Each structure stands twice: as C-alpha cells, then as structure tokens.
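Input: a single structure, listed below in structure tokens.
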Amino acid sequence: MNKIENLSEFANKRYGQNFLKNDAIIKRIIQSIPNDNLKVAEIGPGLGDLTKELILTRNVTAFEVDKRLCEHLQTTFSHAIHTDRLKINCGDVLKHWEENSLLNENYHLVANLPYYIATNIILKALKDEQCQSILVMVQKEVAEKFSAQAGEKAFSGLSVLTQTVGFGELLFDVGAENFVPPPKVTSSILLIRKNRSEDNKDFEDFLKVAFKQPRKKLSKNLATHYPKDKIEMLLTELEISLTIRPHEAKTSMYHHLYNELNKDNIDGKQQ
Ligand code: SAM
C-alpha cells in the first residue's frame, strides 16, 4: 500500500479512527503494561504506532477491522509477522470474540480503543478468563465509570463489575491534540488489573436496575423490581441509611443485596 498522505482524510469515522501521534504517550502506555512475559492482544492497531513499540518486548496478536489498514500493517510488519512476533487478524474483533476467550492463552489487552465499542470490549475482557489485565485508551468519562470508588459521583454499575474481578485506575489523561484527526473528547488511559473473571448476566441486570436513576435513592430503584419491605429490611440489617444513593453503596453491598433479594425467586420477582 502507498504511503498514507493525509491522515485526516484517510481516517474513517465509522470505525472510530483517531490515530495517536505522540511517542511520549505511547512510551507511557508501554511502561504501564504489567511486568511479565504474557502475550498482548491489541484491538485496532490502526497504522501500527503502538504495535511497533509493543513488539519490541512482547508477542502480539492484533485485530483490525479496516481492510486498508490491514494491508498497510501486513506490509509494514512483514518481518515481525514472518518471525511470529506479530499475528494480525483482519476483521471485527467482536466476531473473533464470539467464543468465550479472545486468545487461547493468558494475555494482557492493550489498545487505543475505537470509542463506539469501548465499553462493550472492556465488559467482554472482564469476563474473559484468559485476559489478565486491561490497559486501554478510552473517553475520559468511560475511564472514570470503570475506575471510580464507592462514594465518588462516577461510581456506577461498571465500577462494581470492575471491583468484582479486580482493581481499576485511571492512569492519566490524553488531550485531543495528540491525535489525528483530533477527537471531540478528552481521553484517558484506564488500567484494570484482574485477579479473576466473572460472567453473570443476572448480576449485570441487577446493577442496571440499581443504577437506573443514579441520583435517586437506591431503595427506590430496587423497588421497581423487588419488594420494598424486603429492601428496607436488608438495608436496616446492614445498618445502612434507607436514603443511600446508588453511587454511595460499596461493591460488597451490591453482592449481598443481589444474593438476598434473589434468594427465594428464580427471576428475582416476587410472585
Ligand atoms: N491504535 C491506533 C492508534 O493508537 O493510533 C488506532 C486507534 S483508533 C482509535 C481505533 C482503531 O480500531 C482503528 O484502527 C479502527 O479501524 C479499529 N477498529 C474499529 N472497530 C473495530 C472492530 N470492530 N474490530 C477491530 N478493530 C476495530
């Protein structure tokens, strides 16, 4: 493929293409990868700026949906591909992920994610048993939602899911000026270190109910699906105010409430 002359014109909005053009930030991302020998899965290598640094120290499997970029990567990295340092899968990463795991060995996910599917990808990685950590660039608000602590405004169902399997932290922000073309939002680097995996759709649905109206009382949100007297009894037993808001309750409390409220009824609803 010929040299890409005008990146802004080349970038395809449909695929969330904002190319990171700052070597210092790429180095900071690389330095934040957990220190071991595990393989790296990169989603959306784009022009390969991050990939180029990753393959200096890691074996990498990359997933790129855009055919033009796939061809470009195959040419640019022909040596690394030939020596098995790099494998490139062309196509939608979500199709590759239809099975439970993205790779059939333990790996770290490292990516400047396409923002339109970033939340979905992180949720899949949290459930994927082979995935040991998630180091991704996402929209700042998304990073905050996954990494917030109970009591902080951004604490959400996504924070509870993160804390259920590990620990999330927002490492640093990356301004729009570091990309071509610049996105309309500020980005952040999010790191989630996992110590286990969990895939529990019922618990996810429970959290959606609990955080449905984030500024309302938790008891009110839960009362749309569970008996009010039972919710109040459980909160009283835990010595928790009946007026607690969803972002103020801890992850352990959500697990306790979920288990107790679903004890007698298979679908959680009282007959
Ligand atoms: N890693 C590059 C960088 O940092 O400059 C590019 C990042 S850009 C924000 C997102 C990349 O993800 C693009 O290369 C885009 O084509 C790719 N992408 C978008 N949707 C995808 C999907 N469903 N599966 C795989 N790659 C995807």
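Counting starts with 1 at the first residue shown.
A Cβ is built for glycine as well, from the same backbone N, Cα and C atoms used for every other residue.
TrEMBL: automatically predicted annotations, no manual curation.
Taken from TrEMBL, the feature S-adenosyl-L-methionine binding site applies to Asn18, Leu20, Gly44, Glu64, Asp92, Asn112. Sequence annotations record features per position, and here TrEMBL assigns domain 'Ribosomal RNA adenine methylase transferase N-terminal' to 25-196.
Taking the features listed in TrEMBL, we show where each one sits on the structure.
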residue : record                               : contacts (Cβ under 8 Å, 6+ apart)
Asn18   : S-adenosyl-L-methionine binding site : Ala11, Asn112, Phe179, Val180, Pro181, Pro182, Pro183
Leu20   : S-adenosyl-L-methionine binding site : Ile26, Asp49, Leu50, Asn112, Met137, Val174, Asn178, Phe179
Gly44   : S-adenosyl-L-methionine binding site : Tyr15, Gly16, Phe63, Glu64, Val65, Val93, Ala111, Asn112, Leu113, Pro114
Asp92   : S-adenosyl-L-methionine binding site : Val65
Extent of the S-adenosyl-L-methionine binding site in Å [max Cα distance among Asn18, Leu20, Gly44, Glu64, Asp92, Asn112]: 20
